[in-house]
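Per TrEMBL, the features are as follows:
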SIGNAL    1-23  signal peptide
DOMAIN    5-324  domain 'FAD dependent oxidoreductase'
BINDING   Thr43, Ser44, Val166  FAD binding site
BINDING   Tyr223, Arg278  D-dopa binding site
Amino acid sequence: MAAPKVAVVGAGVVGLSTALCVAETCPSCSVMVLSDQFSPNTTSDVAAGILIPHTYPGTPIHVQKQWFKETFTYLFAISNSAEASEAGIHLVSGWQVFKNTPKEELPFWSDVVLGFRPMSEAELQKFPQHRFGQAFTTLKCDCPPYLLWLEKRLKATGVQMCTRKVADLWELHSEYNIVVNCAGIGAHQLVGDEKLFPVRGQVLKVHAPWVKNFIRDGDGLTYIYPGIHRVTLGGTREKESWSLSPDPGTTKDIFDRCCSLEPSLRGAQEMKVKVGLRPSRWCVRLQREVLSQGGVKLPVVHNYGHGAGGFSVHRGTAKEAARLVRECIAALQGSTSKAKL
C-alpha cells in the first residue's frame, strides 16, 4: 500500500508527543496534526509541567511506572543537552510535605526521580504545620516553550499541522488511513466518553526569582513550582467544573495557601491567572478501536484522559500509542496483500 496517512487530533503535550513518536517509529507514514487550538491556547499551556506522577486507580502501577520512567529518561536527556533552555526543561529540587505521615512513605516513582529521601528534622522546621516530608530532585517543563520545541521537532520530521475543528472522527475516514485521538477534554464530546470529566485547575504565574525550590503539599492541592522565568502557584481541583473564567476569591485563596508554605512569596510581582480543564478519567484511555460504516473501516488509536498527570507520563503514553499505530499499519498492510491474492 502507499504511505499510510495518519491524523493526530489534538495539539496539547500528548497530541504533539504522540505525533512525534509516530513519525519517529513509522518513518514511512505521512502524519498530520489537526487541532482547533495550538500553543499558547491549549490546556497544556496552563499546566505546571512538573514530573511528580498522579496515580490512575484503573491503570496497573507497573504500567504507570513504565510511562513515568520513559518520560523522565527522555526529558532528562534534553535537560543535559544544548537544547534544554529552548525546550524549557530543567532540574528542580524541593520538598513534598505532609501534615500526617502517608500510608505509603515510598511512592512507586521514588526510584525514578533523583536523590529521593525522607526530610530531616532540620528541614521540617521550615514547615511547622507538617510532620513528615520527602526531598528529591525532579524535572520541570516550562510548558509554552516545550510545546513550541515539540512543534519545531515535528516540522523538522516532516509532520504537518493544520488548524481544524474535528467534530466527528468519522469525517476523517476519506482522507486518512488511521486516526489518533489525543483530544484531551475534547474527547468528551468528540467520542461521547461519559467516563471523562473536567477537573478545573486555576493557577497563578508570578515573578519571584528568589524561589528556587519546589514545595508541594502532600494533598496535591497547594504547590509552588519555580520555572525558568515564572513561579507557578496552585491550585484547585474542581471536579465537573467547565468554567474557564478565573475566580478572584480562588486567586486570593491560592496565594494565601502558598504564602503559608513560603512566606517570602508576599513579595511576588506580576501575577497572571490561568485556568485549564484537566481531562480526567479512572484510567488513561490508550487502546485501538475500529470504526466502521457501510463496510468501510477506520482504525483509531485513543490516547487521552491523563488528568493532572499528563506531563509526567506524556512520552511513555505517546510511545505506547505509536506502537498501536504500528499494529494498525500492519493490519492494513495484511488486508491489502490479502485483497491482492
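Any Cβ shown, glycine's included, is placed from N, Cα and C.
What you see is a predicted model, and the numbers here were worked out from it, not measured in a lab.
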Whole-number Å value for how far Val166 (FAD binding site) lies from Arg278 (D-dopa binding site) (Cα to Cα): 20
Recorded FAD site residues Thr43, Ser44, Val166, farthest C-alpha pair in Å: 19
Whole-number Å value for how far Ser44 (FAD binding site) lies from Tyr223 (D-dopa binding site) (Cα to Cα): 17
Residue among the binding-site residues Ser44, Val166, Arg278 whose Cβ has the most other Cβ atoms within 10 Å: Ser44
Cβ neighbours within the same chain of Thr43 (FAD binding site) - under 8 Å, at least six residues apart: Gly12, Gly184, Ile185, Gly276, Leu277, Arg278, Pro279
C-beta crowding around Tyr223 (D-dopa binding site), within 10 angstroms: 24
